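A.B. asks: Mind looking over this structure? Questions follow.
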Amino acid sequence: MKALWAVLVVTLLAGCLAEGDPELEPEVTDQLGWQTNQPWEQALGRFWDYLRWVQTLSDQVQQELQTSQVTQELTVLMEDTMTELKAYKKELEEQMGPMAEETRARLAKEVQAAQSRLGADMEDLRNRLGLYRNEVQTMLGQSTEELRARLTTHLRKLRKRLMRDAEDLQKRLAVYKAGAREGAERGVGAIRERLGPLVEQGRQRTANLGAGAAQPLRERAQALGARIRGRLEEVGNQARDRLEEVREQMEEVRAKVEEQAQQMRLQAEIFQTRLKGWFEPLVEDMQRQWANLMEKIQASVATNPIPPSSVPQESQ
(Lines of atoms letter the chains of each structure in order from A and count residues from 1; the text may use other names and numbers.)
(Lines give C-alpha, C1' and ligand atoms only; values in the text may rest on other atoms or scores of the structure.)
Protein backbone atom coordinates (compact mmCIF):
# COMPACT_ATOMS: atom_id res chain seq x y z
CA MET A 1 0.00 0.00 0.00
CA LYS A 2 2.90 2.38 0.76
CA ALA A 3 4.33 1.75 -2.69
CA LEU A 4 1.00 2.62 -4.28
CA TRP A 5 0.71 5.91 -2.36
CA ALA A 6 4.31 6.80 -3.22
CA VAL A 7 3.64 6.37 -6.93
CA LEU A 8 0.45 8.44 -6.61
CA VAL A 9 2.31 11.29 -4.89
CA VAL A 10 5.04 11.29 -7.53
CA THR A 11 2.43 11.35 -10.29
CA LEU A 12 0.55 14.26 -8.73
CA LEU A 13 3.75 16.25 -8.25
CA ALA A 14 4.72 15.62 -11.85
CA GLY A 15 1.31 16.81 -13.00
CA CYS A 16 1.54 19.98 -10.92
CA LEU A 17 4.97 20.78 -12.31
CA ALA A 18 3.77 20.10 -15.84
CA GLU A 19 0.88 22.53 -15.45
CA GLY A 20 3.17 25.36 -14.39
CA ASP A 21 4.53 28.16 -16.56
CA PRO A 22 5.20 26.93 -20.09
CA GLU A 23 8.23 29.19 -20.33
CA LEU A 24 9.94 27.11 -17.65
CA GLU A 25 9.54 23.82 -19.58
CA PRO A 26 12.76 22.35 -20.96
CA GLU A 27 13.29 21.90 -24.65
CA VAL A 28 11.86 18.71 -26.06
CA THR A 29 14.46 16.18 -27.10
CA ASP A 30 14.34 14.41 -30.41
CA GLN A 31 13.52 11.11 -28.76
CA LEU A 32 10.84 10.01 -26.32
CA GLY A 33 11.90 9.96 -22.69
CA TRP A 34 11.17 6.26 -22.02
CA GLN A 35 11.69 2.84 -23.48
CA THR A 36 8.85 1.84 -25.79
CA ASN A 37 8.03 -1.56 -24.33
CA GLN A 38 4.25 -1.61 -24.66
CA PRO A 39 2.53 -1.66 -28.09
CA TRP A 40 0.81 1.67 -27.42
CA GLU A 41 4.18 3.25 -26.58
CA GLN A 42 5.64 1.89 -29.82
CA ALA A 43 2.70 3.32 -31.79
CA LEU A 44 3.17 6.69 -30.08
CA GLY A 45 6.87 6.52 -30.94
CA ARG A 46 6.02 6.15 -34.62
CA PHE A 47 3.71 9.18 -34.36
CA TRP A 48 6.51 11.13 -32.66
CA ASP A 49 9.10 10.20 -35.29
CA TYR A 50 6.80 11.23 -38.13
CA LEU A 51 6.05 14.54 -36.39
CA ARG A 52 9.77 15.17 -35.95
CA TRP A 53 10.25 14.63 -39.68
CA VAL A 54 7.40 17.05 -40.45
CA GLN A 55 8.96 19.68 -38.18
CA THR A 56 12.09 19.73 -40.36
CA LEU A 57 9.95 21.48 -43.05
CA SER A 58 12.15 20.08 -45.79
CA ASP A 59 11.23 20.48 -49.43
CA GLN A 60 9.48 17.10 -49.41
CA VAL A 61 7.59 18.07 -46.25
CA GLN A 62 6.60 21.40 -47.82
CA GLN A 63 5.34 19.57 -50.88
CA GLU A 64 3.32 17.01 -48.91
CA LEU A 65 1.93 19.69 -46.58
CA GLN A 66 0.20 21.28 -49.56
CA THR A 67 -1.80 18.03 -49.92
CA SER A 68 -3.66 15.89 -47.41
CA GLN A 69 -0.84 13.33 -47.26
CA VAL A 70 0.58 14.51 -43.92
CA THR A 71 -2.75 14.78 -42.13
CA GLN A 72 -3.78 11.35 -43.41
CA GLU A 73 -0.55 9.79 -42.14
CA LEU A 74 -1.01 11.47 -38.76
CA THR A 75 -4.61 10.23 -38.60
CA VAL A 76 -3.54 6.63 -39.17
CA LEU A 77 -0.75 6.87 -36.59
CA MET A 78 -3.07 8.53 -34.07
CA GLU A 79 -5.74 5.83 -34.50
CA ASP A 80 -3.11 3.10 -34.09
CA THR A 81 -1.92 4.70 -30.86
CA MET A 82 -5.43 5.04 -29.42
CA THR A 83 -6.32 1.46 -30.40
CA GLU A 84 -3.22 0.01 -28.73
CA LEU A 85 -3.78 2.22 -25.68
CA LYS A 86 -7.37 1.02 -25.26
CA ALA A 87 -6.24 -2.60 -25.60
CA TYR A 88 -3.55 -2.15 -22.93
CA LYS A 89 -6.00 -0.43 -20.60
CA LYS A 90 -8.50 -3.27 -21.05
CA GLU A 91 -5.75 -5.78 -20.29
CA LEU A 92 -4.97 -3.99 -17.04
CA GLU A 93 -8.65 -3.90 -16.11
CA GLU A 94 -8.89 -7.67 -16.61
CA GLN A 95 -5.90 -8.15 -14.31
CA MET A 96 -7.41 -6.05 -11.54
CA GLY A 97 -7.76 -8.10 -8.39
CA PRO A 98 -9.91 -7.39 -5.34
CA MET A 99 -9.77 -3.64 -4.68
CA ALA A 100 -11.95 -1.00 -3.11
CA GLU A 101 -14.50 0.22 -5.64
CA GLU A 102 -13.65 3.85 -4.86
CA THR A 103 -9.95 3.31 -5.54
CA ARG A 104 -10.67 1.40 -8.72
CA ALA A 105 -12.99 4.14 -10.02
CA ARG A 106 -10.54 6.93 -9.15
CA LEU A 107 -7.62 5.25 -10.92
CA ALA A 108 -9.73 4.47 -13.97
CA LYS A 109 -10.92 8.08 -14.11
CA GLU A 110 -7.38 9.45 -13.91
CA VAL A 111 -6.17 7.15 -16.67
CA GLN A 112 -9.12 8.07 -18.86
CA ALA A 113 -8.46 11.78 -18.35
CA ALA A 114 -4.78 11.40 -19.27
CA GLN A 115 -5.75 9.34 -22.31
CA SER A 116 -8.17 12.05 -23.43
CA ARG A 117 -5.50 14.76 -23.06
CA LEU A 118 -3.07 12.77 -25.18
CA GLY A 119 -5.71 12.25 -27.85
CA ALA A 120 -6.52 15.96 -27.83
CA ASP A 121 -2.83 16.84 -28.25
CA MET A 122 -2.52 14.59 -31.29
CA GLU A 123 -5.74 16.03 -32.70
CA ASP A 124 -4.43 19.60 -32.23
CA LEU A 125 -1.23 18.74 -34.09
CA ARG A 126 -3.15 17.33 -37.01
CA ASN A 127 -5.53 20.32 -37.11
CA ARG A 128 -2.64 22.80 -36.94
CA LEU A 129 -0.98 21.19 -39.95
CA GLY A 130 -4.30 21.25 -41.82
CA LEU A 131 -4.63 24.96 -41.02
CA TYR A 132 -1.11 25.58 -42.32
CA ARG A 133 -2.01 23.85 -45.59
CA ASN A 134 -5.05 26.11 -46.02
CA GLU A 135 -2.99 29.23 -45.29
CA VAL A 136 -0.31 28.24 -47.80
CA GLN A 137 -2.92 27.62 -50.48
CA THR A 138 -4.36 31.12 -49.95
CA MET A 139 -0.93 32.74 -50.36
CA LEU A 140 0.06 31.34 -53.74
CA GLY A 141 2.89 33.33 -55.24
CA GLN A 142 3.70 35.06 -51.94
CA SER A 143 6.40 34.39 -49.37
CA THR A 144 5.51 31.82 -46.75
CA GLU A 145 8.48 32.39 -44.45
CA GLU A 146 6.31 33.97 -41.77
CA LEU A 147 3.85 31.05 -41.97
CA ARG A 148 6.69 28.54 -41.58
CA ALA A 149 8.06 30.43 -38.59
CA ARG A 150 4.69 30.44 -36.86
CA LEU A 151 4.22 26.75 -37.69
CA THR A 152 7.62 25.91 -36.23
CA THR A 153 6.74 27.73 -32.99
CA HIS A 154 3.35 26.05 -32.73
CA LEU A 155 4.78 22.62 -33.47
CA ARG A 156 7.44 23.09 -30.77
CA LYS A 157 4.80 24.00 -28.16
CA LEU A 158 2.49 21.20 -29.25
CA ARG A 159 5.33 18.68 -29.10
CA LYS A 160 6.18 19.81 -25.55
CA ARG A 161 2.57 19.38 -24.50
CA LEU A 162 2.37 16.02 -26.23
CA MET A 163 5.51 14.81 -24.45
CA ARG A 164 4.22 16.07 -21.09
CA ASP A 165 0.83 14.41 -21.44
CA ALA A 166 2.37 11.18 -22.76
CA GLU A 167 4.66 10.94 -19.72
CA ASP A 168 1.74 11.72 -17.42
CA LEU A 169 -0.32 8.96 -19.03
CA GLN A 170 2.53 6.50 -18.71
CA LYS A 171 2.92 7.28 -15.00
CA ARG A 172 -0.79 6.92 -14.34
CA LEU A 173 -0.86 3.60 -16.19
CA ALA A 174 2.04 2.48 -14.01
CA VAL A 175 0.04 3.46 -10.91
CA TYR A 176 -2.97 1.63 -12.32
CA LYS A 177 -0.89 -1.49 -12.89
CA ALA A 178 0.74 -1.28 -9.46
CA GLY A 179 -2.65 -0.80 -7.83
CA ALA A 180 -4.00 -3.82 -9.63
CA ARG A 181 -1.07 -5.97 -8.51
CA GLU A 182 -1.19 -4.71 -4.93
CA GLY A 183 -4.96 -5.06 -4.81
CA ALA A 184 -4.69 -8.63 -5.99
CA GLU A 185 -2.03 -9.44 -3.40
CA ARG A 186 -4.03 -7.74 -0.68
CA GLY A 187 -7.15 -9.58 -1.77
CA VAL A 188 -5.37 -12.90 -1.63
CA GLY A 189 -4.03 -12.06 1.82
CA ALA A 190 -7.49 -11.07 3.03
CA ILE A 191 -8.97 -14.25 1.65
CA ARG A 192 -6.24 -16.26 3.34
CA GLU A 193 -6.90 -14.47 6.64
CA ARG A 194 -10.64 -15.15 6.39
CA LEU A 195 -10.27 -18.74 5.33
CA GLY A 196 -7.47 -19.61 7.77
CA PRO A 197 -9.67 -19.72 10.91
CA LEU A 198 -12.40 -21.54 9.02
CA VAL A 199 -9.98 -24.18 7.83
CA GLU A 200 -8.60 -24.62 11.34
CA GLN A 201 -12.12 -24.91 12.76
CA GLY A 202 -12.98 -27.48 10.15
CA ARG A 203 -9.84 -29.45 10.96
CA GLN A 204 -10.61 -29.44 14.69
CA ARG A 205 -14.23 -30.36 14.07
CA THR A 206 -13.16 -33.25 11.89
CA ALA A 207 -10.75 -34.45 14.57
CA ASN A 208 -13.45 -34.20 17.25
CA LEU A 209 -15.97 -35.98 15.13
CA GLY A 210 -13.46 -38.69 14.36
CA ALA A 211 -12.62 -39.24 18.01
CA GLY A 212 -16.26 -39.15 19.16
CA ALA A 213 -17.60 -41.30 16.37
CA ALA A 214 -14.88 -43.96 16.40
CA GLN A 215 -16.52 -46.09 19.12
CA PRO A 216 -20.07 -46.05 17.67
CA LEU A 217 -18.68 -46.83 14.26
CA ARG A 218 -16.69 -49.75 15.65
CA GLU A 219 -19.76 -51.10 17.44
CA ARG A 220 -21.86 -50.72 14.33
CA ALA A 221 -19.20 -52.51 12.30
CA GLN A 222 -19.09 -55.38 14.79
CA ALA A 223 -22.89 -55.67 14.80
CA LEU A 224 -22.94 -55.63 11.02
CA GLY A 225 -20.25 -58.30 10.92
CA ALA A 226 -22.25 -60.49 13.32
CA ARG A 227 -25.37 -60.10 11.18
CA ILE A 228 -23.45 -60.99 8.07
CA ARG A 229 -21.93 -64.08 9.70
CA GLY A 230 -25.37 -65.16 10.95
CA ARG A 231 -26.84 -64.71 7.50
CA LEU A 232 -24.01 -66.69 5.93
CA GLU A 233 -24.50 -69.53 8.41
CA GLU A 234 -28.23 -69.53 7.74
CA VAL A 235 -27.66 -69.67 3.99
CA GLY A 236 -25.13 -72.49 4.48
CA ASN A 237 -27.57 -74.53 6.56
CA GLN A 238 -30.31 -74.01 4.01
CA ALA A 239 -27.97 -75.13 1.25
CA ARG A 240 -26.99 -78.28 3.15
CA ASP A 241 -30.64 -79.13 3.86
CA ARG A 242 -31.52 -78.63 0.23
CA LEU A 243 -28.62 -80.81 -0.87
CA GLU A 244 -29.70 -83.61 1.47
CA GLU A 245 -33.24 -83.33 0.18
CA VAL A 246 -32.05 -83.60 -3.41
CA ARG A 247 -29.90 -86.62 -2.52
CA GLU A 248 -32.91 -88.39 -0.97
CA GLN A 249 -35.02 -87.64 -4.02
CA MET A 250 -32.31 -89.11 -6.25
CA GLU A 251 -32.22 -92.29 -4.15
CA GLU A 252 -35.98 -92.64 -4.48
CA VAL A 253 -35.78 -92.21 -8.23
CA ARG A 254 -32.98 -94.78 -8.51
CA ALA A 255 -34.97 -97.32 -6.47
CA LYS A 256 -38.04 -96.81 -8.63
CA VAL A 257 -35.98 -97.22 -11.80
CA GLU A 258 -34.43 -100.49 -10.52
CA GLU A 259 -37.87 -101.78 -9.53
CA GLN A 260 -39.31 -101.00 -12.93
CA ALA A 261 -36.32 -102.67 -14.63
CA GLN A 262 -36.81 -105.84 -12.55
CA GLN A 263 -40.47 -105.92 -13.47
CA MET A 264 -39.62 -105.54 -17.15
CA ARG A 265 -37.15 -108.45 -16.94
CA LEU A 266 -39.76 -110.68 -15.31
CA GLN A 267 -42.33 -109.77 -17.92
CA ALA A 268 -39.83 -110.56 -20.69
CA GLU A 269 -39.09 -114.00 -19.20
CA ILE A 270 -42.80 -114.76 -18.91
CA PHE A 271 -43.38 -113.70 -22.50
CA GLN A 272 -40.44 -115.81 -23.65
CA THR A 273 -41.86 -118.85 -21.83
CA ARG A 274 -45.24 -118.28 -23.40
CA LEU A 275 -43.74 -118.05 -26.88
CA LYS A 276 -41.83 -121.25 -26.29
CA GLY A 277 -44.99 -122.99 -25.19
CA TRP A 278 -46.77 -121.78 -28.28
CA PHE A 279 -44.20 -122.80 -30.91
CA GLU A 280 -42.69 -126.05 -29.51
CA PRO A 281 -45.80 -128.25 -30.29
CA LEU A 282 -45.95 -126.86 -33.80
CA VAL A 283 -42.30 -127.57 -34.38
CA GLU A 284 -42.58 -131.11 -33.03
CA ASP A 285 -45.66 -131.75 -35.21
CA MET A 286 -43.90 -130.45 -38.31
CA GLN A 287 -40.87 -132.60 -37.56
CA ARG A 288 -43.07 -135.65 -37.12
CA GLN A 289 -44.94 -135.00 -40.37
CA TRP A 290 -41.68 -134.53 -42.18
CA ALA A 291 -40.36 -137.83 -40.88
CA ASN A 292 -43.52 -139.67 -41.99
CA LEU A 293 -43.27 -138.14 -45.44
CA MET A 294 -39.70 -139.26 -45.82
CA GLU A 295 -40.59 -142.81 -44.74
CA LYS A 296 -43.40 -142.98 -47.31
CA ILE A 297 -41.12 -141.81 -50.06
CA GLN A 298 -38.49 -144.38 -49.20
CA ALA A 299 -41.04 -147.19 -49.10
CA SER A 300 -42.44 -146.28 -52.50
CA VAL A 301 -39.03 -146.27 -54.07
CA ALA A 302 -38.25 -149.69 -52.68
CA THR A 303 -41.39 -151.39 -54.10
CA ASN A 304 -41.27 -149.80 -57.56
CA PRO A 305 -37.69 -149.90 -58.90
CA ILE A 306 -36.98 -147.81 -62.01
CA PRO A 307 -35.96 -149.94 -65.11
CA PRO A 308 -32.77 -149.07 -66.90
CA SER A 309 -33.30 -147.01 -70.05
CA SER A 310 -32.17 -148.49 -73.49
CA VAL A 311 -30.19 -146.28 -75.79
CA PRO A 312 -30.54 -146.98 -79.61
CA GLN A 313 -27.31 -147.61 -81.47
CA GLU A 314 -26.45 -145.82 -84.69
CA SER A 315 -26.11 -147.93 -87.88
CA GLN A 316 -22.64 -148.63 -89.10
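Each residue, glycine too, has its Cβ placed from N, Cα and C.
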A.B. asks: Would you please say which range out of 14-26, 53-65, 274-286 has the annotation region 'Specificity for association with VLDL' in Swiss-Prot?
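C.D. replies: Result: 274-286 is the stretch Swiss-Prot calls region 'Specificity for association with VLDL'.
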A.B. asks: Would you kindly list the residues that approach the repeat '3' (120-141) from elsewhere in its chain, counting only those six or more residues past its ends and only Cβ-Cβ distances under 8 Å?
C.D. replies: 47, 51, 54, 65-68, 70-71, 74-75, 78, 81, 147, 151, 154-155, 158-159, 161-162, 165
A.B. asks: Look at the modified residues MET139, SER143 and tell me which residue has the greatest number of other C-beta atoms within 10 angstroms of its C-beta.
C.D. replies: MET139
A.B. asks: According to DSSP, collapsed to three classes, what secondary structure does SER143 (phosphoserine) have?
C.D. replies: coil
A.B. asks: Could you put numbers on the helix, strand and coil content of the repeat '8' (230-251), residue by residue per DSSP?
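C.D. replies: Per-class counts: 22 helix, 0 strand, 0 coil.
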